[in-house]
Amino acid sequence: MQTSPLPRRTKIVATIGPATQSKEVLRQLIQAGATTFRLNFSHGDHAYHQQSIRLIRQIAFELNQPVGILQDLQGPKIRVGKFLNDAGSVQLKNGDPYTLTSRPVECTETISSISYEYLADEVPSGARILLDDGKLEMLVEEVDTVARDLHCRVIVGGTLSSNKGVNFPGVCLSVKAMTDKDKEDLMFGLDQGVDWVALSFVRNPQDIDEIKGLIAAAGKSVPVIAKIEKHEAIKDMQAVLEKCDGVMVARGDLGVELPAEDVPILQKKLIATANRLGIPVITATQMLDSMVNSPRPTRAEVSDVANAILDGTDAVMLSNETAIGKFPVEAVAIMAKIAERIEQEDINPSQAEASRTSIPNAISSAVSQIAETLNAAAIMSLTKTGSTARHVSKFRPKTPILAVTPHVDVSRQLQLVWGVKPLLVLDLPSTSQTFQAAINVAQENHFLRDGDLVVMTAGTLQGVAGSTDLIKVEVVKAILGRGVGIGQGAVSGRARVASRPQAIAQFTQGEILVVPSTNADCVDMMRRAAGIITEEESLTSHAAIIGLRLGVPVIVGFKGATQKIRDGAIVTIDAQKGLIYSGALPPVSKG
């Protein structure tokens with residue numbers, strides 16, 4: 001059996017919109033490499049988003065693949081009013097006087113209303129105002145607190161259209177991070193079972209506390225992503241990131257709030273901080289923007305995606321490219337291709353400075369080093385909350401991470417975490433049983449094959465986040481069958497198979513006896529056997545009793561053993577687990 005190459009490590013977030021509403025296009029996006037879908041709640045009503053969620057869940061089920069859903073809340077976006085002329089816009093020239101007011105007025109060539117009540121109280125004279133993502137700029141020359149007006153001068157003119165966004169760089173506004181609409185949208189998203197919630201325009205840790213409090217009050221535990229797009233959040237970066245469960249480098253508004261030339265440096269700092277904290281980070285906005293209208297990206301866009309991956313981002317995001325673009329599937333496919341090529345290079349950012357002071361961090365760091373030293377085929381992480389897998393991912397191991405979880409929501413959330421391939425496996429009574437079931441699932445999906453070495457990690461307090469404290473190394477073996485084990489330990493040897501014991505002409509010391517049942521004539525062979533396998537399943541059978549007396553591992557009740565095991569084949573029996581594998585135990589190094 002050949003192993004299939006494990007998926008690329010960098011995850012891809014695709015935004016849903018008019019271009020990607022059909023079932024067939026969504027299917028193609030997943031097949032092209034999208035691992036999480038973003039629902040932009042700045043657009044569309046609840047019925048629209050509900051339909052998107054249902055389609056995503058249906059297609060993910062059909063493809064037997066976990067797919068995450070990220071709810072992106074609109075936030076308190078401040079906008080100009082609506083121009084009632086035929087064009088729905090006005091032309092502003094450099095040097096023109098213009099008034100912005102919080103009063104409800106008819107918007108014209110000289111005045112526009114602004115959707116912020118405390119405009120004249122908080123925006124001072126001399127402040128810069130940017131409109132339409134920075135395309136237009138004004139300077140506040142006079143503040144009239146009585147009339148609630150800002151008298152401005154146009155610095156950079158252009159077309160100002162209805163409902164365009166307004167930014168106040170360097171001005172601290174008291175606007176709350178969550179509007180009433182955001183709260184309604186959040187409750188809807190939680191009810192629909194979204195996997196992540198992104199909070200827009202985060203300013204401080206208290207904004208994260210507020211949304212987490214609402215989620216907890218609703219009886220949910222959905223993780224929160226902080227969208228960093230305000231200068232206040234940059235000043236309080238460490239504290240904000242310590243509170244949230246993930247972070248988005250929202251380069252659009254960030255590049256308006258701060259000088260555009262600062263954004264690349266801030267991107268690197270945000271990614272590095274998120275990596276150290278072990279939370280997923282998404283790099284977003286205009287990554288392949290030319291693909292809205294073109295089937296191929298520019299060279300600069302390819303470099304932008306590549307450099308975000310080299311910086312250490314967990315995921316790269318497509319916005320307009322998949323929401324309204326002409327080539328949504330091609331955009332995802334090209335982004336996946338870029339990621340796969342970059343990941344071939346051994347230039348992942350070093351995590352040597354990442355904190356190892358906690359037990360989970362120390363274990364996860366050791367797992368990564370052990371896997372690399374032993375050239376393991378995979379790291380298998382047993383996790384109920386996703387914490388163990390995230391801890392391992394934090395150290396950016398070269399070895400693929402298979403995250404074993406019984407929870408569908410956790411498997412979908414991990415589709416945003418670098419290097420992690422979720423495997424859904426039932427919650428079995430013991431860690432060893434769960435690991436064995438996971439190996440079987442991985443083999444069925446061709447992620448592992450016989451003889452592969454796997455480094456396993458888990459927490460002995462299962463279901464408790466941050467309790468990772470176990471490392472185990474195993475060799476993958478094909479399971480031939482199972483029965484009831486008697487005795488202790490695991491042994492390997494050459495199988496001596498016969499339909500009746502008397503048919504075995506010669507039995508050599510250390511071989512494994514495989515027969516339907518044993519009797520008194522078999523005792524001499526049983527003394528020389530390394531192990532015994534019988535089809536008879538009684539715990540009071542001759543094989544069970546004599547094997548126990550002789551201290552020889554026995555497995556009884558393996559139906560069809562004499563047909564399924566080939567005479568002369570090397571097999572391993574594990575009496576503790578009741579399993580029979582093909583192949584031998586790995587050699588034990590000495591010295």
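Every residue, even glycine, has its Cβ placed from backbone N, Cα and C.
The substrate site in Swiss-Prot is built from ARG38, GLY252, ASP253 plus one of THR283, THR285, THR298, namely THR285. When Swiss-Prot records ASN40, PHE41, SER42, HIS43, LYS164 as binding ATP, the matching candidate from ARG8, ARG9, ARG79, ARG148 it lists for that site is ARG79.
In the three-state DSSP assignment, the secondary structure recorded for ASN40 (K(+) binding site) is strand. Note on GLY252 (substrate binding site): other Cβ atoms within 10 Å of its Cβ, all shown chains, come to 17. Spatially, by CA atoms, the binding-site residues PHE41, HIS43, GLU229, GLY252, THR285 include one closest to ASP72 (K(+) binding site), and that is PHE41.
Here the candidates are the recorded positions PHE41, ARG79, LYS227, and by Cα distance the one nearest ASP253 (substrate binding site) turns out to be LYS227.
Most Cβ neighbours within 10 Å among the binding-site residues SER42, THR285: this distinction goes to THR285. Under the three-state DSSP scheme, ASP253 (substrate binding site) falls in the helix class. Residues ASN40, PHE41, SER42, HIS43, ARG79, LYS164, recorded as binding ATP, reach a greatest CA to CA spacing of 17 Å.
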